[in-house]
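Chemist: I am attaching a structure below and will ask some questions about it afterwards.
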Amino acid sequence: MSSTAAVTAAIERVPVEICKGMNGLEKVVLREARGSSAEVYLYGGHITSWKNDHGEELLFAIFKPPKPIRGGIPICFPQFSNHGFLEQHGFARNRFWSIDTNPPPFPTNSSTKTFVDLILKPIEEDMKIWPHSFEFRLRVTLGPSGDLMLTSRIRNTNTDGKPFTFTFAYHTYFSVSDISEVRVEGLETLDYLDSLQNKQRFTEQGDAITFESEVDKIYLSTPTKIAILDHEKKRTFVIRKDGLPDAVVWNPWDKKAKAMADFGDDDYKHMLCVEAAAVEKPITLKPGEEWRGRQELSAVPSSYCSGQLDPQRVLLGGRN
């Protein structure tokens, strides 16, 4: 069976379509029966769209060819930001991934068939700057209720007996109505590293995180569930994560937005990055060892309580 036939056979079982996207790049479109959808480009293993069953875009992404796609969910590996000697956020987001037609079993709680498995292995160029052999498997799953799940499995396949170390993040850009109307629940009272102050360590004050200026923080030892409350849209994003102890919160605000060539002057008002990550304590894998990191995103209607959105119902009360 040819490689193309194998790919076709592998995805016939699921509501998945391979088609051409921006600049002729191949993308995979996942659709759920109730109307939700997601798109992931083979270039970068980069999720560029996640829509609910009303067709509303839940991620923030900018397409301005010939510049790279800004937004969505880039994969930061084997380095987050400038925490190391590689290019910003590592090289995985700038490589072509393949569809993995025969992945090892993924332990999963869901019986959904709306998923695609991607795989990335190092090319010669990677080995020159990061001399380690690895297999990075990414499963992108769209759940029956429109939840978007990303499961990464990274294995050390070195034959020289050497371990390797990496940092990681799902660099998720959420679409919000107005950044000044948004609050993040679940990170209050935690320690964080402030990237705007030379990564100095501070403790978060206040009942929730709100936004009045540029923010670039790495929260440490975070809970497995974080909520983003959008007052204007009466929508709450819920992030559930596993294997990713940190959470990055980023918004460039006005001055930095104007200085970014691929960013509109006012785009900062309509986006917020909250990223499941492993940054403070890098992950080390010995040959043959595998790491697993999972992020699940949900968008649920928010209820009002005493004039404010009620985060506790989301954070503590499951999916309702």
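The backbone N, Cα and C atoms fix where each Cβ goes, glycine too.
Annotated substrate binding site per TrEMBL: R70, Q88, R93, in sequence order. Among the features that TrEMBL reports, active site is placed at H171, E275.
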Chemist: Return the maximum Cα to Cα distance in Å (whole number) over the record's substrate-binding residues: R70, Q88, R93.
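Modeler: The span, Cα to Cα at its widest, is 14 Å.
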Chemist: Report the nearest neighbour of H171 (active site) in space among the recorded positions R70, Q88, R93, E275, comparing Cα positions.
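Modeler: Out of the listed candidates, the nearest Cα belongs to E275.
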Chemist: Take the C-alpha atoms of E275 (active site) and Q88 (substrate binding site) and report the distance between them in angstrom, rounded.
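Modeler: The separation of the Cα atoms works out to 16 Å.
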Chemist: Looking only at Cβ atoms, how many others are within 10 Å of the one on H171 (active site)?
Modeler: 21
Chemist: With an 8 Å cut-off on Cβ-Cβ distance and a minimum sequence separation of at least 6, pull the same-chain contacts of R93 (substrate binding site), or say none.
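Modeler: Expected: G44, G45, H46, P74, I75, C76, F77, H171.
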Chemist: Among the recorded positions R70, Q88, E275, whose Cβ has the fewest other Cβ atoms within 10 Å?
Modeler: Q88
